[in-house]
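These come from TrEMBL:
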type: DNA_BIND; residues: B:31-50; note: DNA-binding region
type: DOMAIN; residues: B:8-68; note: domain 'HTH tetR-type'
DNA sequence: GGCCCGTGCCCAAGATCGTCGACCACGGCG
DNA sequence: CGCCGTGGTCGACGATCTTGGGCACGGGCC
């Protein structure tokens, strides 16, 4: 077996090239050809590591999700439950330019999930991660070991709704307003 | 000026053809060619009435938004504020197959709004309609003439989040659960 | 009644995209 | 040293939206 290439490393390299394109030119420029050019390969070379474009998008999203999970895990949990919960959940909102770009890819995958099973399963997995964060926050705020499923689901829907609004209508939902609304909702949880 | 054609009527006819395709085959089948075939025209004929595909999608979405507004206006407002608010807001959720299909188009336009200005302005207008409904519900439930903007924005985000979850994860967020979660949120509004 | 010309419509082509098949090069293994 | 599988490129295919050129029809004007 000649020309042994570390597929994992090559896939990560291609994912990095994709994010460079997305950060620079937006999600609309994330074509197979442009990403291949960014990475210095021919478009066909990508097929050795990602059979389809959706696979590349999915892999790249897994990477940023892992980063978000790492940011959350790295939180030092200082301050009251209210502050900790807010800091953690804010990691899941597109509050800066980079995370806006990432949310754009998230929205693209959401639209693609209508027809593409690979995108669908990936979205479901990301959904799990957000739900777990919401569970953690609800349990933390209410002081209960088992979070109320209804409160979790409502917080989860609010989070995705805020993310969607911040993405689609940034002038109506600037980062400060998204933070403020999230905080208001958390206040209702701690009060109950 | 020969061959006088009612452009408004022709546009409505094409929009109906698009919805037939979407209802039958899903949003993925809503190509210019398939819609033209459904309407019995050549793809080029569509350009006389819609310059781009996005224009057709936008026009078709305007139609279903007007229908939703009509359903809301036609509500007889019987029952307590809690029941009225729930009935009205449920009109904005994809709780049956037809509205799921419509929400699929909504999601497609949302993704397209990232790069297409026409889709962007259309989404902003639809956003206004939902916000007004949320305002109405909050004012009705709290008994205040002026709805608390923060409560409105939170309800608005929750609504779009529920719609997104019902669309992407129908097994996790079936219609009954979406109704239930909406109701739980409305309860918190009436209590305050 | 007959001729213009503008509207409506189609055909074909252009541009871009994702995907695929055929082909070449290299290099580890027998 | 030769085989063959892996890595890589090129070109093409099919689908898509969009566009330009051209044809036909028919209402308005003389």
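Including glycine, each Cβ sits where the backbone N, Cα and C put it.
Residues 7, 10-11, 13-14, 17-18, 20-21, 25, 56, 59 of the same chain, all 6+ positions outside the DNA-binding region (B:31-50), place their C-beta atoms under 8 angstroms from a C-beta of that stretch. Confidence over the domain 'HTH tetR-type' (B:8-68), given as mean pLDDT on the 0 to 100 scale, stands at 96.
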